[in-house]
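Novice: There's a structure below that I have some questions on.
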There are 2 protein chains.
Amino acid sequence: MADALKIGIAGLGTVGASLVRILQQRRNELAVSCGRTIDVVAVSARDRMRDRGFDMTGMMWFDNPIAMAETADIDVFVELMGGAEGAASDAVRAALNRGLHVVTANKALLARDGVNLAALAEEKGVLLNYEAAVAGGIPVIKALRESLTGNTVSRVYGIMNGTCNYILTKMEKEGLSFEACLKEAQRLGYAEADPAFDIEGNDTAHKLSILTTLAFGSQIAADDIYLEGITNISIEDIHAAAELGYRIKLLGVAQRTETGIEQRVHPTMVPLASVIAQVDGVTNAVAIESDILGELLMVGPGAGGNATASAVLGDIADIAKSRPGAQLVPVLGRPARTLEPYRRAQIQSHEGGYFIRLTVEDRTGVFASIATRMAENRISLESIVQHSKQQVEAGKPQTIILVTHATREDSVRKAIDAIKGEGYLIGEPQVIRIERPKDA
Amino acid sequence: MADALKIGIAGLGTVGASLVRILQQRRNELAVSCGRTIDVVAVSARDRMRDRGFDMTGMMWFDNPIAMAETADIDVFVELMGGAEGAASDAVRAALNRGLHVVTANKALLARDGVNLAALAEEKGVLLNYEAAVAGGIPVIKALRESLTGNTVSRVYGIMNGTCNYILTKMEKEGLSFEACLKEAQRLGYAEADPAFDIEGNDTAHKLSILTTLAFGSQIAADDIYLEGITNISIEDIHAAAELGYRIKLLGVAQRTETGIEQRVHPTMVPLASVIAQVDGVTNAVAIESDILGELLMVGPGAGGNATASAVLGDIADIAKSRPGAQLVPVLGRPARTLEPYRRAQIQSHEGGYFIRLTVEDRTGVFASIATRMAENRISLESIVQHSKQQVEAGKPQTIILVTHATREDSVRKAIDAIKGEGYLIGEPQVIRIERPKDA
């Protein structure tokens, strides 16, 4: 049997503590699978005295994770601190510079600095693994980076934020408002006290930017993502979606278009009969469409100490099964220096179906006016309906729902502006993009 | 850049020809991803003269695949001939003996001889990759063998035969008989002229036996699988399932129980609201339940030249990215010599819910008699209903459907035998096991 693999773990929160316990409890089984034992020989966290449910005997303690990366007698540096800057970034860089393999769950760090870190890892001939950074326990990084080698990806999309999916599922199932469901998510620990990062779509955007690079071989462009959160989704939208045969999900979508790569995160109507529409609660799902394989969909836990620890463990096991210096897997699917510049397709040129919900005054000619404005912008309608669940009384505001065939975003915007100019609109129109999985 | 990886391909049917074309067309992209070029330098097939849509210049031709394995100047032997015995088996063995890496899509060979071949590969320090052998393009081997390292799997199950899933989907969607849908599947090339291997469940059993070994670390036991095909499923069953909130799928299921490992392939009721119930047509799906990660479901194309070629290509790429002798990934998840003997749990001790459809004479007391026989065998009923779509006329045969709570298979068999003894049963009772995914 080969020498033990010595690892140092920086960050002993839920995931880190879970990882250490698993490595200790399954030491023998892991040795059988990996061909050598995996030993945690160094740890770093803020509070040395806290009881984390495992025995620290034999582990060297570091108050400073950078010092651990620079000096500990380890083969692998595992970064579970989080944060795009500061200690996490400095420690990962120090570890790579020293020629250590690195495993991280840090999506923010990769979204910001992934290309440079990948180049550094490749220069040093070490592995930088990050399965846990996107969609938790779902092995989507491995699928894109290894299984799909040689495929040309056309679209990758998914439900990558459990908080948002929990809220949207609960709104639909229980008929509650966004605010009520957010509160429940906070009570259950699915949402942070400050939920903005999740519900505004930033978390999904970080993850999407990594998938985009793996899928299309372009440099990471986390700041070039069109972003809409779910705070604007009302129970009326959810009901109207269901009536029309759709369900609303917060998707991150990246696709190749003629003008460049489209990266967008927004509430999306997906057909009720599609597999991804059935993905409920905090569960995540990622779909990859490619030319040789076809469509691959993976569904699983996107967060949680254990699921995340499982992904980190898989990354560590991959290193344990390799020999130092022997592995050539490029960090981002292809060598960092060969990644192409990111060419952004603007959201205005996005093509797809649209759901549009308008509240209008009850006037003669409103229906005709809306239909005309759509036609003027060459938007073809799949359906135009009055919301059937609403008790319609003469003189009261009416709800009109339009579903368009595939059209351009700028046409939709122009049509909406024209409708706004007519004066019969009450409040803001709701516009939700439709995304069609290949199976629906 | 490292030396080119030289591969020899035995078998140039749909998958083999597709693989050669892809390797030729994407030579440059693959070199970027893998760090070296991949060259097809030798091929073997039955008919040298057939036009396969690619240029054979630079490839050495072998009429005999075993001679190719023994003498060709190659690093990797790719076996795409099929069949558990004969040339495929001899050639793979010869290649391993010679110290070549092997990639195969041959589920029958692995189901029959996988443990010995794995031991040989490990002894020679080479890789034996077989992602395409189970569920085509879905990277389930990689997930079990690599991503889930350290997890204890409790259950693995899936839709692993596209022919059966196509037939069951079509029966439900179009209300056609099994026979009519089988004919349509044959017309479309989804089913063989002799469809027995698919529709009787043998194909699923081969695949399941490989997943069982990866999941539970036991020796492959492809002959110890409880088997029921789909030929017995009627449109009445499908309608009754839908009414009760279920859909019928041919599943392969392997799970740990107290008495051993249960491996079974049979038509199964899955809850309509579960994700796997939405997997339609020739698409495959595999679910893995484990203690650290939780539930992972993967959905994708289970067959077809391109999807299968994509999986083979991923396997070749993994070899290209490694260095000879550097990789320690055990073929079956743990070294072959450490696999435990297979301990079979008998189907009689299976516990789960059951759907039972009975056709009975219209007599007083039949309902009470059935309920009594169930109670005598301590079977608790979720529902007992008269099939509501059937026009019930006095004196005509009646259909009665029972759905049980979790109970033992032998109790169900005893109860059915007792009911048979009562004399009011017309024809054979239909019994379909219910499987509950964790998400439903």
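The backbone N, Cα and C atoms fix where each Cβ goes, glycine too.
Per TrEMBL, the features are:
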type     : residues                                               : note
BINDING  : B:A10, B:G11, B:L12, B:G13, B:T14, B:V15, B:G16, B:A17 : NADP(+) binding site
BINDING  : B:K107                                                 : NADPH binding site
BINDING  : B:E192                                                 : L-homoserine binding site
ACT_SITE : B:K207                                                 : active site, proton donor
DOMAIN   : B:355-439                                              : domain 'ACT'
Novice: Taking just the CA atoms, what is the gap between B:V15 (NADP(+) binding site) and B:K207 (active site, proton donor) in Å?
Specialist: 18
Novice: Enumerate same-chain residues with a sequence separation of six or more from B:G16 (NADP(+) binding site) and a Cβ-Cβ distance below 8 A; give 'none' if the list is empty.
Specialist: B:I9, B:A10, B:V43, B:A45, B:V78, B:L80
Novice: So, by DSSP, how many helix, strand and coil residues make up the domain 'ACT' (B:355-439)?
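Specialist: Grouping H, G, I as helix and E, B as strand yields 23 helix, 27 strand, 35 coil.
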Novice: For the recorded NADP(+) site, whose residues are B:A10, B:G11, B:L12, B:G13, B:T14, B:V15, B:G16, B:A17, find every other residue on that chain with a C-beta no more than 8 angstroms from the centre of their C-beta atoms, and list them by sequence position.
Specialist: B:I9, B:S18, B:L19, B:A45, B:L80, B:M81
Novice: Given B:K207 (active site, proton donor) and the residue listed as 'NADPH binding site', what distance in Å do their CA atoms have, once rounded to a whole number?
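Specialist: Checking the Cα atoms of B:K207 (active site, proton donor) and the residue listed as 'NADPH binding site' gives a distance of 6 Å.
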Novice: Go through B:G11, B:G13, the listed binding-site residues, and name the one with the sparsest Cβ surroundings, counting other Cβ atoms within 10 Å.
Specialist: B:G13
Novice: Any idea what the Cα distance is from B:T14 (NADP(+) binding site) over to the residue listed as 'L-homoserine binding site', rounded to a whole Å?
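Specialist: Taking the Cα atoms only, B:T14 (NADP(+) binding site) lies 15 Å from the residue listed as 'L-homoserine binding site'.
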Novice: What are the sequence-distant neighbours of B:A17 (NADP(+) binding site), meaning same chain, six or more residues apart, C-beta distance under 8 angstroms?
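Specialist: Those within reach of B:A17 (NADP(+) binding site), by Cβ under 8 Å and sequence separation of 6 or more, are B:R52, B:G53, B:F54, B:G305.
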Novice: Hey, how far is B:G13 (NADP(+) binding site) from the residue listed as 'L-homoserine binding site', Cα to Cα, in Å?
Specialist: 15
Novice: Cα distance, B:G11 (NADP(+) binding site) to B:K107 (NADPH binding site), nearest Å?
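Specialist: Roughly 15 Å, rounded to the nearest whole number.
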